[in-house]
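Visitor: So TrEMBL lists the following for this protein:
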type     : residues : note
DOMAIN   : 37-502   : domain 'Major facilitator superfamily (MFS) profile'
TRANSMEM : 33-55    : transmembrane segment
TRANSMEM : 75-95    : transmembrane segment
TRANSMEM : 102-120  : transmembrane segment
TRANSMEM : 126-148  : transmembrane segment
TRANSMEM : 160-180  : transmembrane segment
TRANSMEM : 192-210  : transmembrane segment
TRANSMEM : 321-341  : transmembrane segment
TRANSMEM : 361-379  : transmembrane segment
TRANSMEM : 386-405  : transmembrane segment
TRANSMEM : 411-434  : transmembrane segment
TRANSMEM : 446-466  : transmembrane segment
TRANSMEM : 478-496  : transmembrane segment
Amino acid sequence: MYASREDIGYDFGDDSRVGSKPIKPNPNIDGGWAWMIVFSSFLVHILIMGSQMALGILNMEWLEEFNQSRGLTAWVSSLSMGITLIVGPFIGLFISMCGCRMTAIIGGILNALGWILSAYASNVHYLFLTFGVTAGIGSGMVYLPAVVMVGQYFQKRRALAQGLSTTGTGFGAFLMTALLKYLCTEFGWRNAMFIQGAISLNLCVCGALMRPLSPRYLSERCVVRSNTEDNQAGALSHSTETIKSNGVLGDEPEKKEEATNEEVLESVQHIEIGGNSKDRRSMYGLRILKTVSQLTVTVKKGFALWYSSYFGAASLFTNRVFVAFIIWALFAYSSFVIPFIHLPEIVKQYNLSSQDNVFPLTSIIAIVHIFGKVILGIISDLPCISTWNVFLMANFTLVTCILTLPLMQTYIGLAVVCALIGFSSGYFSLMPVVTEDLVGTKHLANAYGIIICANGISALFGPPFAGWIYDITQKYDFSFYIAGLLYMVGIIFLLIQPCIQKKQPREKPTEEAQV
């Protein structure tokens, strides 16, 4: 078990037993096909996040082609990156209805379509629709399932698995930058986008590799959690009981509804058998009715789960720690993106371009970021280490670097700070683990969709805000200071709420004893 669950105030108990009956472990958990899921997620991060990190190459081509302002042209990249994350909650609905595999395959087709249509762009506003919106939504439909599937297939080594899969972002930043630069030089940016669209079709292959776990195993995990929660109900806080009961209280209505739907489908099957000897046309119609009925049942159940997670009585938003996590996410991601956007200009102002050309500071962040994800994942998986504490320490290191970066005016100083930024930002691989610790596996897709949506808002408005501050002050210093202070506010929320959650269970027995 992760010590972080106890530290936060959430304990799901031992998942190896249901009551007194041992559950036979699935051979694909923490091994077997699980590593294919990691490989699939790794490729998704290369093709999506890596490509987005390399959009600076295309941004220069768009500036020359359309002769628009830098601010307007930059919104193409910002829309693509922001929408990829902002659509997370709505992608959770697709996952609830269609599953991760189908969602990812559809997203791969949509992403490739966005790249290909962008090759025929006549103006920047056309790119807003084709690349920013179409390709962005497609990227979001592949990215969220890639993260969720790793969380489902791993229990003991979740942090390491997420760390390995998300290193694809760093590798992709190098590979896609070199690839796009070569394609633009040899074939022009339009043909380069067309070719990149064809390459993006490999996202469909990645989606096909996302084989779902058997329903029997998933139901056993839900039963484990529900039984454990019943035994520990007196010791948990009100928000904890609410968020966990979301998967337990809804079981009975779902079972009744499922039984009713099965009766309907069985009646259709009996009519279908009886009609074989009468009329083939009526049998064909009954088959269509059966398919529509099954599709209606699937959509209704998926929407019910999605709706209850966000707006029902047992909403995710009743979990105070999770709400604090959302507030943190609103400020965190921009602190990582802003250095990528503004470091080249800072280097130019300090007359360090010659040294930066040899080894760019952004490359230092990307390289160390890869190692940071893996190392932090390994540390978090140690039995004696709390994932939550590792997550907080990495955040403190990153916000310190953001606040001290404007003070560095030499290449060596900037390189050291950038290396620390790259390593500490490796905590991104721990975000799915912490989210699952807060809400459980059943609600991971919806909960993580909210978190990456908050990150998307941060990525969408953070860099333009920093540029606006520069236009006013003619310095980047205040951009980093303000971003760092807002980031610190989010970290404070993370520190306060777990303390409140821990205190509440201790007060309940005292009140009951007094009564």
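Heads up, the Cβ atoms here are built off N, Cα and C, so glycines get one too.
Remember, TrEMBL labels are computer predictions, not curated facts.
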Visitor: With Cβ-Cβ distances below 8 Å as the criterion, list the same-chain residues six or more beyond the ends of the transmembrane segment (361-379) that contact it, or say none.
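Guide: Result: 53, 159-164, 166-167, 169-171, 173-174, 339-340, 343-344, 347, 385, 390, 394, 414-415, 418-419, 421-430.
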Visitor: Using Cβ distances below 8 Å and needing 3 or more such pairs, separated by at least 6 in sequence, tell me whether the transmembrane segment (478-496) contacts the transmembrane segment (321-341).
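Guide: Checked: the transmembrane segment (478-496) vs the transmembrane segment (321-341), in contact.
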Visitor: Within this structure, do the transmembrane segment (126-148) and the transmembrane segment (75-95) have 3 or more Cβ pairs under 8 angstroms, counting pairs 6 or more apart in sequence?
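Guide: Per Cβ check, the transmembrane segment (75-95) touches the transmembrane segment (126-148).
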Visitor: Other than its close neighbours in sequence, what residues sit by the transmembrane segment (321-341), given a CB gap under 8 Å and a spacing of at least six beyond its ends?
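Guide: Distant Cβ neighbours of the transmembrane segment (321-341) are 8-10, 53, 81, 85, 239, 243, 361-362, 365, 395, 398-399, 402, 405, 418, 421, 425, 428, 434-435, 438-439, 447, 450-452, 454-459, 461-463, 465-467, 479-480, 483-484, 486-487, 489-491, 493-494, 496-498, 501.
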Visitor: If you count Cβ pairs under 8 Å, which stretch among 33-55, 102-120, 160-180, 192-210, 386-405 touches the transmembrane segment (126-148) the most?
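Guide: Comparing 33-55, 102-120, 160-180, 192-210, 386-405 against the transmembrane segment (126-148), the winner is 102-120.
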Visitor: If you count every Cβ pair below 8 Å, which range out of 160-180, 192-210, 411-434 shares the most with the transmembrane segment (446-466)?
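Guide: Result: 411-434.
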Visitor: Give residue numbers and ranges for long-range contacts of the transmembrane segment (33-55): same chain, 6 or more residues beyond its ends, CB-CB under 8 A.
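Guide: Residues packing against the transmembrane segment (33-55) from afar: 76-77, 80-81, 84, 104, 111, 139, 142-143, 146-147, 149-150, 153-154, 161, 164-177, 179-180, 196, 199-200, 202-203, 206-207, 209-211, 340, 366.
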Visitor: Quickly jot the same-chain residues contacting the transmembrane segment (192-210) by Cβ under 8 Å, restricted to those at least six beyond its ends, or write none.
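Guide: Same-chain residues near the transmembrane segment (192-210) but 6 or more away: 36-37, 39-41, 43-44, 47-48, 51, 58, 100-105, 107-109, 111-116, 118-119, 138, 142, 145-146, 149, 179-180, 183-184.
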